[in-house]
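Not my notes, these are from TrEMBL:
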- B:HIS81, B:HIS83, B:HIS238, B:ASP312: Zn(2+) binding site (BINDING)
- B:HIS81, B:HIS83, B:HIS238, B:ASP312: Fe(3+) binding site (BINDING)
- B:ARG90, B:TYR148, B:HIS175, B:GLN241, B:SER317: 4-imidazolone-5-propanoate binding site (BINDING)
- B:TYR148, B:ASN314, B:GLY316: N-formimidoyl-L-glutamate binding site (BINDING)
- B:259-374: domain 'Amidohydrolase-related' (DOMAIN)
Protein chains: 2
Amino acid sequence: MSSTTADASTTGTTVITNIASLVTNDPSLGDGSPLGLIRDAAVVIDGDRIAWTGESREAPATDNRIDAAGRAVIPGFVDSHSHLVFAGDRTQEFNARMSGRAYSAGGIRTTVAATRAASDEELERNLTRYLDEALRQGTTTLETKSGYGLTVEDEARALRIASAHTDEVTYLGAHIVSPDHADDPAGYVALVTGEMLDACAPYARWIDVFCEKGAFDGDQARAILTAGRAKGLHPRVHANQLTYGPGVRLAVELDAASADHCTHLTDADVDALASGATVATLLPGAEFSTRAQWPDARRLLDAGVTVALSTDCNPGSSFTSSVPFCIALAVRDMGMTPDEAVWSATAGGARALRRTDVGRLTPGAYADLALLDAPSHVHLAYRPGVPLVRRVWRRGVRVV
Amino acid sequence: MSSTTADASTTGTTVITNIASLVTNDPSLGDGSPLGLIRDAAVVIDGDRIAWTGESREAPATDNRIDAAGRAVIPGFVDSHSHLVFAGDRTQEFNARMSGRAYSAGGIRTTVAATRAASDEELERNLTRYLDEALRQGTTTLETKSGYGLTVEDEARALRIASAHTDEVTYLGAHIVSPDHADDPAGYVALVTGEMLDACAPYARWIDVFCEKGAFDGDQARAILTAGRAKGLHPRVHANQLTYGPGVRLAVELDAASADHCTHLTDADVDALASGATVATLLPGAEFSTRAQWPDARRLLDAGVTVALSTDCNPGSSFTSSVPFCIALAVRDMGMTPDEAVWSATAGGARALRRTDVGRLTPGAYADLALLDAPSHVHLAYRPGVPLVRRVWRRGVRVV
């Protein structure tokens, strides 16, 4: 990710001390909860990694010292679902929708047209703007996707640009059937699984499909994800957002890292998620900005499903880059406790990306962390809308 | 209000130019809407006042020039309802409530005990911290109240401290019946309307009462507001938050500047508001953080009622200082259009404080304005949770 104000001048080890409350996400530490919460804590950074965490009074000697002054420190947020390679403006579409006015919205197609028409430089400028914005709000790992190109060249271009700025890149040629293939969805699936996949695979880690009425059905989704897997891309699925459907069960069957949205779930869907390693990634920004039904996080958690929280940042249905905002919504409207929501936005996001080196503050993990202008992580829900992220370190470098 | 980073060095007139979209709140300007929206606009600041607004190409010559680079400018937010003179920590109470755990919460009494125990310095440090936090989020006028002292000395102290930092100070001795008078509410009303009022009146502009079951009934509220008015304090009322009741109609009858909350309204309440000059101030942060029913802004607007939006920032029921967050909630859940919500958070707040010198960007008004990191005020709802306020001027001085 890009950084707004890099400060790479610090050398040697650094301790952040006088932390009122430190979320490690290691249940063997601190209070023994899933957050592994340590009171009156310190964390030691060595290079780009965490070297030590524990109680302040036991902190080892270091070269540099930062006083957290009784504030809280959490792992940087891991936002495992965004759509940031785009161009164009859909403000009027949003305004009309929320004002109850008719508007001939083109939806995703509007953004596809603008993205195709944009220069590489424009797309990259837009992407880095939103990556920086997310970083300032504490997001230190951010996945992003293609899906607004829908031609071989435009999808590959989007992924090439994305891969220059984040390791977590997802090929989403199967966002919708391209308008160019409106009368030939089978031909579009053949393109997505053939020439487009060949052009995109070198830049991506993941393959994703929007498995939904009006996008791709279960059979098409299976064909797309299977083809991607054969090219070394691991599956993830946009599943069960707008209606019930096969997406979630397909995701579990194919061992997708994540089934994203999960708003309309049958008991069989929940059972499938609980039985497999697929994370349920909830994206409340989308329900907020489209006035849709909230996903039921409580039901998933009570069934033993691993839940991640992400922004779905995109210009159509969820134009927020704020993970704290998603945490506040998850607590207010999705039945999560503040502890669960913070876990899901950090460790949960890491699980949804099958990462063990981010989303936790334990020795060996990347030194990706956020210092809050608050004494506790609970304030992320308690003080909704308030920009509480005061400092951010990524890979051991203070970037905010 | 305090300022985080004052920059008072600029002398002479200053033009902010290249504003993509300027909200003036003067319907005789620009698009003729209530927002008086001017595209490709400029605004000229002379000292602490607005000297000129209009299209960029017609801007007069000035001593200094700031390029808004295609961003939006709005009037600074007017937050007409907050409770910021307090001490103590209620994080665990919030956490327990949102986690479904039992907790013997003392509610307002918890904060009363902590506030009484705090030093003047502690109260002032707390207040200025939240004033600065609000200012960084674009709030340039902020009302705040007493109500956590509930003794003659503690109420007067709260108002004295508040009055050193804002002109909009409200005496709320009638927040709840003081725990010291639990068995003698009539005695407490006598204190609030007598000795306490005498001690508090010199520091306050407004008198307020929480007219609600469990707090003060209609007769008590009338006695309190009438006594305050006799001492030169103008009424405002916490009305109809938790249940139906007489608060709103009493507010209109007494020409209160505002009836605040307005969550449970009969048709007669709405008619009363529509017939008078009392503003309905809606506080969605409270409904958000207590999972309560939303106030119906649409019903009020359709009836012709003037609506303000404020934060109700307080440590118990609404610990947000973010007016943009309240705007996003009002649009999502209360039936307001983005235009209406932005108007209510600026011009509406000014009406609720009976001010004509703030909440608008017209010649003669205070130069209180916010530059957004977005091309339009609509983004305050379109991009929920994202800190979009990039620069703030207050009284012509750049403070953020």
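Glycine is treated like the rest: Cβ placed from N, Cα and C.
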Let me know the most crowded of the binding-site residues, choosing from B:HIS83, B:ARG90, B:HIS238 and counting other Cβ atoms within 10 Å.
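When each Cβ's neighbours within 10 Å are tallied, B:HIS238 tops the list.
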Please work out the number of neighbouring Cβ atoms within 10 Å of the Cβ of B:ASN314 (N-formimidoyl-L-glutamate binding site), leaving out its own Cβ.
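By my count, 26.
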Relative to the Cα of B:HIS83 (Zn(2+) binding site), which of the binding-site residues B:ARG90, B:TYR148, B:GLN241, B:ASN314 have a Cα no more than 10 Å away?
B:TYR148, B:ASN314
Write out, in the order they occur in the sequence, the residues of the chain not among B:HIS81, B:HIS83, B:HIS238, B:ASP312 that have a C-beta within 8 Å of the mean position of the C-beta atoms of the recorded Fe(3+) site.
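Near the Fe(3+) site, the remaining chain residues are B:SER82, B:LYS145, B:ASP260, B:HIS261, B:LEU283, B:ALA286, B:SER310, B:CYS313, B:ASN314, B:SER318.
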Find the shortest Cα-Cα separation between B:HIS81 (Zn(2+) binding site) and the binding-site residues B:ARG90, B:ASN314, B:SER317, and name the residue that gives it.
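Result: the closest of the binding-site residues to B:HIS81 (Zn(2+) binding site) is B:ASN314.
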Pull out the binding-site residues from the set B:ARG90, B:HIS238, B:GLN241 whose C-alpha sits within 10 Å of the C-alpha of B:GLY316 (N-formimidoyl-L-glutamate binding site).
B:ARG90
Going by Cα-Cα distance, which of the binding-site residues (B:TYR148, B:HIS175, B:HIS238, B:GLN241) sits nearest to B:ASN314 (N-formimidoyl-L-glutamate binding site)?
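So, of the listed binding-site residues, the one sitting closest to B:ASN314 (N-formimidoyl-L-glutamate binding site) is B:TYR148.
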About how far apart, in whole Å, are the alpha carbons (Cα) of B:SER317 (4-imidazolone-5-propanoate binding site) and B:HIS238 (Zn(2+) binding site)?
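Just about 14 Å between their Cα atoms.
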How many Å lie between the Cα of B:TYR148 (4-imidazolone-5-propanoate binding site) and the Cα of B:HIS238 (Zn(2+) binding site)?
15
Which whole-number value in Å describes the distance between the Cα atoms of B:ARG90 (4-imidazolone-5-propanoate binding site) and B:ASP312 (Zn(2+) binding site)?
16
Go through B:HIS81, B:HIS175, our binding-site residues, and report the one whose Cβ sees the most other Cβ atoms within 10 Å.
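The residue with the most neighbouring Cβ atoms within 10 Å is B:HIS81.
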Using a 10 Å cut-off on CB atoms, tell me which of the binding-site residues B:GLN241, B:SER317 is the least crowded.
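Checked B:GLN241, B:SER317; of these binding-site residues, fewest Cβ neighbours within 10 Å: B:SER317.
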Around B:TYR148 (4-imidazolone-5-propanoate binding site), how many other CB atoms lie within 10 A of its CB?
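There are 31 of them.
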Under a three-state reduction of DSSP output, how is B:TYR148 (4-imidazolone-5-propanoate binding site) classified: helix, strand, or coil?
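It is coil.
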